[in-house]
Amino acid sequence: MKRLGIISLFVILFMAFIAVWNISYQSGMEEAYIPVENTNPISLIPSETGVFTRSKYALDYVNMPVDEQHQRVLKNYYKNRAFHGAPPSIPHPVEDERNMGDNSCLKCHQNGGFVNKYDAYAPVTPHPEMINCRQCHVPEHTKQLFKETNFYKADPPEVGVNNALQGSPPVIPHQIQMHENCLACHAGPSAPKEIRVSHPERVNCRQCHASNNKETEDIGIFKRTNNNEQ
Amino acid sequence: MYTSLTNRRSFIKKMAIMSAMTAAATMFPGILFAEEQEEKLPKGGNLDWKKAPCRFCGVGCGVLVGVENGKAVAVKGDPKSPVNKGLCCVKGYHSVMSIYGKDRLTKPLVKKNGKYVETSMKEALDLIASKMKTTIKDHGKDAVSIYGSGQWTIPDGYVASKLFKGCIGTNNVEANARLCMASAVTGFLTSFGLDEPMGCYEDIDHADVFILWGNNMAEMHPVLFSRLLDQRLKRGVKIIDFATRTTRTSMAADKSIIFQPQTDLAVANAICYEIIKNGWVNKSFVEKHCSFNKGLTNMGYGLEDKYKFKDKPEKIDFEAYKTFLEDYTPEKVERISGVSAKDIKYMAAYYGDPNKKVMSLWCMGMNQHTRGTWINNLVYNIHLLTGKISTPGNSPFSLTGQPSACGTVREVGTLTHKLPHGVVMKKEHREHAAKIWDVPVENIDPKPTYHTVEMFRALDRGDIKFMWIQVTNPMVTMPKLKRYRDACKKEGRFIVVSDIYPTPTTDIADVILPSAMWIEREGMYGNSERRTQYFEQMIQPSGEAMSDTWQIVEVAKRLGYEKQFYYKEETHIEEIYNEYRRHHEGKKHAMAPLEVLKTQPGAQWPYVDGKSTKWRFNSEYDPACSNGEKFHFYGKPDGKAVIWQRPYEPAPEVPDKDYPFWLCTGRVIEHWHTGSMTRRIPVLHKAMPHAYVELNPEEAKQMQIRTGDSVKLTTKRGEIILPASVNERGVPEKGQVFVPFFDENMLINDITLDAFCPISKQPDYKKCSVKVEKV
């Protein structure tokens, strides 16, 4: 009886093994399952984010003394842009023609800092996450032109005339696409002195500064349709 | 200092307004004065922004052009465009500057006694029409030809095809896309029976691994490459650069794998071998949706005039295909390709892993290839064997170079054998076109005539007497250029060139017509992902410049085809587009109506029931699928995609004792094709002022060549001197050199070889043998 018990136990165990082995073998034969995940396409450049990107440095900016000797001026800021809003060209020689920005450009342009060689503070990029820098920013290897151009360089917006009322916060007079991150250009030692913000600690810039960004179509004078009257 | 009364008066006025406003503001906090506010707002931020597809490459970025006082002054990316999502590249941002070069052609020029004389547009068009008439009368209809472009807008290509194929009755219609996309087309046709990618750019947001086949995306498709980099940042995807040269793309990639020129054929087969050997084949997919074919081998290279080839497909079974692949074990392929067996297995493992979605991307490296059709087939083989196709993220994706290579050349069909829908060889296709064109069906010649290289050879021989060249610069881009330049200059040839600037091609013209470019006119482009995009006229054309569409319409009217060219000048683009849409009716290729294109950043065909189709051949997304299965490759009669047995064959000209280096040509990020536009953009010219020859640093050291030294390149076709570039933009492998082709002062194509893929007839600009000397 005891022997029968032991035998039947082993028989059951053996059958269980066969079953388990069979199931695992069968599932191994099945084609691998490709999990379907619902990935929402992520927008590359969300227009409203970025404002807070550099806000962690805001208090540093407040405490930073102004280096009067090495201030950038707005005229120079516009000089190496083909038009207002164009990506700036690279005004210095580039050592490595092949590398991506994360190994080269960003060393200086991610957080800025004083560069002895050029006697200036390195400007800070508003979009360090885009590392193919020379997709848009190119150096200058010659001063000569292939042919003259008649391109009309429109005047950039002026400073100090953008308040609607006296003392009201100025509107943003430029496109913010690709530079949603205000503090990159408006704070720190590399910011042009005319546009350096007096209160970098108030990081929610667009709380007070509205954008004056006319998109493709003007909606004209807004009229409220009154459903009751129709 | 004198202050005028008006100033004082206006000052007082302003003071009064200000005090009134201050008073009002204190009484009613929050009140705003609209007029006052608007007046004070700066102009710079308040441009009129209008949408257009970018003028340059085949990515087809949406741009917003800022217009002020009738001048285009600024560009930004269109954040609403699903292509670029607001980002552009350096060419795109500065694109509007290409309109304003000082030497813009503004008046028609006619060559009289060796000198160009200004004339009126009317006279020039009269002359062209009368020259065409006499040529047709004296030498037959096949003596006139038109050579267009993948930068033609859809209406340009459409009227050209209608005039030449429908009305005149010659198939002498070709376009420069033969030099850049023909192998992609024949690849699609042989594998799927229908042209253009099944997937779309959205695949980038889903794929886990990107394998770039000979494609320097960081420079040539930078906006898409930035989308890849963005995905790597957010999701940690893998980017593998499989190329013959170390570039920015290799530096950015997670892995760079270098192969010897032409051996991509062998590596692709080796990947298939590994997939089968390891049991990674998606058996149910292959059984249901694939058939196996083999074609002719030892096809030759088209180097001789009047070369003819026709492939003979033959059905085979899976076992025969498997046996064929035994010649391509990774170990055997390692010996010819220089790619280690380990790296081949590494790539095969990604393709084979059922839990990884793989996107393959390629462009000229695979298309400009004497076996271009084959290598396209072979990459499709990999995706078909593993069933990784037509689903989000699983995508073999053939990128295009030109803004409307797809939209105009491939869809309108401005190639010798093509019609807007179908091919000239098929009776029902000719009848369909003739009906819409309102011409007798006998007008359309059932026999294709010359592909691009052969067309220029025919011009050389004298079979073609008249050629009209629009929106392209063949006197920089034709391979073995000297022969074809001399051909154009021969007595008894009449060449009309429509362009916007003087180029080496206008130099050989008998009549030069000034064209209106891009946003100076209305039109549409079609990009790589089957997206048709519309742009309105935003600014006035320079001088007497006229759109290429209207130039052809005017000449057609003068030739007596008023009935077919009934379009009114004010609405002709709309009328032409609506007529063109009729060719593509049906679920497989329906185009979006113009009203839709005007309101959104493009639409992808097949546009059915108000919806773009993102993934073709997949019944979940594509309403044309009708077999009740998950996939339906309806381009082939049996509804099955074809896995092709294509072997490795060497290139026509390989380095030897006398010419020991490979010569590869290509582009740079700053310049668009031949630079006739981008070199007139100061930022771009200053960044890349001239061409150069890239050398391998070690070999340069042995030859004592440094960057900037003059180097003489000699091939069997001629010689050229270029400055050297060592360890700069790109680093070629040992035994290879690279030269960009944009520079009209250093015409590298004078010495390239005019061998082409026998199936697609697309020349191979990437491989010939060359001697390198320091001078």
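Every residue gets a Cβ built from N, Cα and C, even glycine.
Curation does not apply to TrEMBL; its annotations are automatic.
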Among B:Cys89, B:Cys167, TrEMBL assigns to the [4Fe-4S] cluster site of B:Cys54, B:Cys57, B:Cys61 just B:Cys89
Measure from the Cα of B:Cys89 ([4Fe-4S] cluster binding site) to the Cα of every one of the binding-site residues B:Val668, B:Phe741, B:Lys766, then give the nearest. B:Val668
For B:Cys57 ([4Fe-4S] cluster binding site), the three-state class that DSSP assigns: coil
Of all the binding-site residues here, B:Gln262, B:Gln368, which one's CB has the most other CB atoms within 10 A? B:Gln368
Close in space but at least six residues away in sequence, with Cβ under 8 Å from that of B:Lys766 (Mo-bis(molybdopterin guanine dinucleotide) binding site), the same-chain residues are B:Gly214, B:Thr244, B:Pro261, B:Met364, B:Gly365, B:Gln368, B:His369, B:Cys664, B:Thr665, B:Gly666
Candidate binding-site residues B:Lys91, B:Gln262, B:Phe741, pick with smallest Cα gap to B:Cys54 ([4Fe-4S] cluster binding site): B:Lys91
For the recorded [4Fe-4S] cluster site, whose residues are B:Cys54, B:Cys57, B:Cys61, B:Cys89, find every other residue on that chain with a C-beta no more than 8 angstroms from the centre of their C-beta atoms, and list them by sequence position. B:Phe56, B:Val59, B:Gly60, B:Val63, B:Asn84, B:Cys88, B:Lys91, B:Gly92, B:Ser95, B:Pro222, B:Val223
For B:Val668 (Mo-bis(molybdopterin guanine dinucleotide) binding site), list the number of other Cβ atoms lying within 10 Å of its Cβ atom. 22
In three-state DSSP terms, B:Asp548 (Mo-bis(molybdopterin guanine dinucleotide) binding site) is classed as helix
